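A.B. asks: Just passing along the structure, written as structure tokens.
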Amino acid sequence: MLENEYQLEYFKENGFIRKICKKCGSAFWTLDPNREICGDAPCEPYQFIGNPIFTKHSLTEMREAYLSFFERHGHTRINRYPVAARWRDDIYLTIASIADFQPFVTSGVCPPPANPLTISQPCIRLNDLDNVGRSGRHFTCFEMMAHHAFNTDEKPIYWKDRCLELCSGFIESLGGNVFDLTYKENPWFGGGNAGPSVEVLMGGLEVATLVFMNLSRKNSGKPPVSIDGKDYYEMPLRIVDTGYGLERFTWASCGTPTAYDAVFPEMIPRILTAAGMEDRLENPEVERILGLNAKFAGLMDIRGEKIRDLRQQVADATNISVAKLEEIIVPMETVYALCDHTRCLAYMLGDLIVPSNVREGYLARLVLRRSIRMMQDLNMDDDLGDLVVSQMKTIGLANFEQDEDIVRHIINREVEKYDTTIERGTRTVQRVGQTYVKKNEPVPLAELITLYDSHGIPVDLMGKILKDTGAEFEIPDDFDSQIADMHSENETEKPVSPLAKYAERIAKIPETRKSFYERPADMEFDATVLDIFDNYVVLDATLFYPEGGGQPSDTGMLVTKSTMVRVDEVVKWENVILHKVRENTLKRGDRVKGVLDEDRRWALMRHHSATHMVLRAAKEVLGPHVHQAGSQLSTDVARLDIRHYTHITPEELKQMETIANRLVMENLPTMVKIENRVKAEQKFGFALYQGGVPPGKDIRVVQMGAEVQACAGTHCQSTGEIGPIKILKLEHIQDGVERIEFAAGFAALDAMQHIQSLLNTSADTLSVQTENLPGSVDRFFTEWKDQRKEIEKLRAKIAELELSRIEGINIGGVEVVIKQIDVSRKELVTVAGKIAERGGVTVLITTADGLGVVASSGTGKIHAGKLVGEVCAELGGKGGGKENLAQGAGADPSAVGKALLKAESFIRAEFNS
């Protein structure tokens with residue numbers, strides 16, 4: 001497949017020979033005429049452990065060596081992107097360096113930030129989560145060093161030959177011997193693209209991959225190339241997409257037993273000391289075992305049953321039992337995994353991800369809770385927040401937007417939540433286990449996933465609890481990896497627009513001029529009707545804003561000399577705006593005057609602008625991690641959903657309202673610019689994308705003070721035009737998301753006047769001044785509570801009197817009381833309970849606080865739940881409960897007599913059965 005793509009001048013000119021691996025059958029290129037295997041796992045074991053193949057470099061030194069090398073060879077160094085992929089709407093985390101430039105640069109919509117460029121991009125992949133720590137080489141968080149070139153026919157940069165030349169040159173710059181290097185052919189495809197690629201192998205380790213992306217599933221009209229049974233076509237853009245593993249290069253330069261030893265030279269001793277495992281430090285026997293484990297792991301896929309095979313191979317090679325081996329190696333694997341996870345959390349939280357139960361927050365919580373569990377397994381005397389902050393400091397605090405104290409606070413909150421989750425979730429797991437024991441069925445995997453997803457129970461603890469219940473179950477070794485995979489991509493399907501059926505027709509209509517951007521304060525305009533179909537009118541230009549991004553559309557009128565039609569809704573399809581009218585009496589070519597509903601436009605514009613101000617205030621009060629999770633506007637009120645790790649306090653809400661209004665009073669100008677997407681991202685960062693990711697090469701950037709967003713809505717021309725902002729309500733709508741409801745302008749004035757009216761009415765009712773309301777309400781409430789206690793005491797005495805006066809009937813040798821007693825349900829329960837305690841049966845009905853029924857039974861012959869159900873059915877209601885006590889309610893008070901008779905007949909029938 002693509003064999004001709006590898007017949008390169010670089011290989012020929014430098015003496016490389018194409019060979020076929022005698023073990024796996026793959027084609028590879030080498031300078032060694034005697035080499036017979038490709039150099040990849042599992043064909044060749046690691047050769048560099050204890051025998052480094054590069055000059056020794058720390059992680060920081062290796063990164064700088066790489067970036068400097070490519071800078072010297074004509075590449076522009078660019079800063080890393082965040083690990084939260086907020087410029088993407090399909091993935092949550094940055095999984096590769098090329099992801100930084102997808103989809104807009106790779107599709108040719110936007111130019112790259114530099115060409116060619118070099119970057120060292122932190123990436124997070126959780127698909128091998130369960131292998132981290134075990135294999136010696138897997139990480140959740142790793143840095144992909146890369147050099148990229150974006151080639152077009154008009155502007156070629158470099159292609160395969162130069163890329164290979166640079167790769168060999170970099171390896172030589174590290175002291176590597178190119179004679180030991182192999183380039184293995186391995187065509188790449190994924191995400192609708194494909195191309196030839198080579199794996200770069202040294203010492204049995206894949207250190208880099210060089211992909212030459214030049215094919216796409218999109219038909220370009222050129223002859224197709226078949227890959228994996230699918231047709232691909234030449235792309236106009238040819239992309240050099242490389243990935244060099246920073247951690248792997250560092251490992252190969254140090255020759256340590258595992259990659260973790262090379263990457264975490266400071267964190268490993270700290271964790272070992274905190275876990276009381278200092279004896280593992282610089283222990284030759286432990287190092288020998290770990291090195292063998294890494295070598296054997298490099299030759300196999302260690303998921304599932306393979307982990308047991310790996311244990312046996314290492315045990316055989318070291319002449320110790322598997323049990324003894326696991327005593328040595330399992331705690332070390334946990335230490336390694338904790339080192340990795342804390343670095344992963346440093347990037348996640350440092351790059352402003354907030355743990356939650358959705359999106360990237362879910363993945364952060366998954367890693368965080370695994371870390372908590374690992375610390376518990378190691379009996380560590382250390383703080384998770386301190387470990388993560390220590391990793392941030394090693395990386396460099398300047399690399400992160402989040403403050404270290406907030407990171408600690410977030411982690412402390414998550415640890416508290418975890419403890420509560422375990423306590424509550426344990427009972428749930430026990431119930432599930434008992435249910436499947438009764439069914440005599442194993443607990444299915446789907447149920448186990450639900451227990452984790454909905455209740456947050458770690459898989460190992462889940463297994464222990466289920467085992468104690470006697471339930472049968474099977475938890476896959478890669479359970480956490482499967483969970484992560486389920487949540488790694490945004491698979492939400494966009495709803496089909498009702499306009500889709502008009503797509504062909506709309507495609508023939510010229511783009512609508514968006515006059516609402518040019519003249520946002522104007523309320524009238526002239527335009528020409530371009531098309532009319534169903535109840536839609538298309539104009540050549542419009543001031544009517546179409547619905548989008550949480551902002552409802554404008555409404556108003558379209559007027560001609562002879563007719564007038566009402567515009568109820570405005571929508572957009574690509575670049576054409578459609579006005580939905582009630583009665584379509586217009587025709588093509590008509591000149592119309594558009595007249596907006598002015599009060600509505602101003603209310604929506606004020607609320608949209610106020611949303612920016614409230615968001616800015618939230619960031620100033622709560623921290624830079626605050627990110628918009630959604631918004632919705634109306635003329636009366638607006639709401640803003642934000643991501644935050646804890647509940648917002650009343651004091652914080654007050655500060656936010658003050659800051660938002662201060663920004664209004666500063667009368668800051670609204671600056672709107674159409675900017676190149678890449679330049680805007682470089683200038684303002686990815687906080688631009690608060691309301692989603694707009695398409696296109698250029699984006700509309702709205703700046704109001706320090707708040708800058710890519711935003712398509714209508715805005716006031718200065719913050720002063722917003723008017724007062726009043727926060728009305730705060731809701732905790734889901735874990736990690738707070739909803740702020742507020743009003744602006746005249747809507748805020750109406751809200752404040754309404755609140756004042758309520759205060760005045762309340763003050764009049766209590767005959768006090770408004771400023772004395774809090775004290776008066778407190779006094780009245782205290783008196784009310786005292787009186788209620790007295791009433792409860794009196795009711796209890798009444799219930800005792802009723803109990804002493806009640807005479808029952810004898811049915812089957814049991815005292816049976818069937819009566820209407822008009823006391824509260826609470827007293828009914830007390831009376832019924834006491835009769836049941838002495839072995840009796842009761843049915844008591846009250847109309848004191850609604851039509852209520854209480855039944856009790858002190859004998860096994862009568863089930864109170866069934867009894868109350870029969871009685872309530874007679875009353876037109878429902879009821880149920882336990883065997884000894886049950887309650888219900890009715891709807892028909894006139895049926896009380898019949899219900900009491902029904903109770904007696906049911907009890908007699910039960911005794912006679």
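If you go along the chain as it appears here, the first residue is 1 and each next one adds 1.
Every residue, even glycine, has its Cβ placed from backbone N, Cα and C.
Take a look at what Swiss-Prot says about it:
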- His608, His612, Cys711, His715: Zn(2+) binding site (BINDING)
A.B. asks: Around His715 (Zn(2+) binding site), how many other C-beta atoms are within 10 angstroms of its C-beta?
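C.D. replies: Taking all protein chains shown, His715 (Zn(2+) binding site) has 23 Cβ neighbours within 10 Å.
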A.B. asks: So for Cys711 (Zn(2+) binding site), how many other CB atoms are inside 10 Å of its CB?
C.D. replies: 26
A.B. asks: Which Cβ among the binding-site residues (His608, His612) has the fewest C-beta neighbours inside 10 Å?
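C.D. replies: It is His608 that, of the binding-site residues His608, His612, has the fewest other Cβ atoms within 10 Å.
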A.B. asks: With a radius of 8 angstroms around the mean position of the C-beta atoms of His608, His612, Cys711, His715, what other residues of the same chain does the Zn(2+) site pick up?
C.D. replies: Ser609, Thr611, Thr670, Val702, Met704, Gln709, Gly713, Thr714
A.B. asks: With H, G and I counted as helix, E and B as strand and the rest as coil, say where DSSP puts His612 (Zn(2+) binding site).
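C.D. replies: The residue in question, His612 (Zn(2+) binding site), is helix (DSSP, three-state).
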